[in-house]
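Features as listed in TrEMBL:
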- 15-126: domain '4'-phosphopantetheinyl transferase' (DOMAIN)
- 19, 68: Mg(2+) binding site (BINDING)
């Protein structure tokens, strides 16, 4: 059986990204580097949101995964002048996680619509991002 991409979806989807991370990796990085780790990856708003919770590492890991998934969907990874803090994961008015971009990612994204889903357990966090074509 040969796989043939759906031509309708190819006209609609610009990119898809997925990421998964062990929460323990985030705990270890935070324990070792503290605020320096947080400031290199997360915006002040993300830090405030996550550190105010008992399961802060799960929230940080979920945001890490969401940022990675977004950069994969955008097609840049961590290249072309893209910085971690240029991608911010915030909750909208309905408490749904959304992506706010600035700097280089904003220029590359343009007016494209972004869909984000994140999930986390005690041990793992995952995210998937779909970017629509304009």
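Glycine is treated like the rest: Cβ placed from N, Cα and C.
Where the annotation comes from TrEMBL, it is an automatic prediction and has not been curated.
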Collapsed DSSP category at residue 68 (Mg(2+) binding site): helix
CB contacts for residue 19 (Mg(2+) binding site) [other CB atoms within 10 A, all chains]: 20
Per-region confidence, the domain '4'-phosphopantetheinyl transferase' (15-126) (mean pLDDT, whole number): 94
Per DSSP, three-state class assigned to residue 19 (Mg(2+) binding site): strand
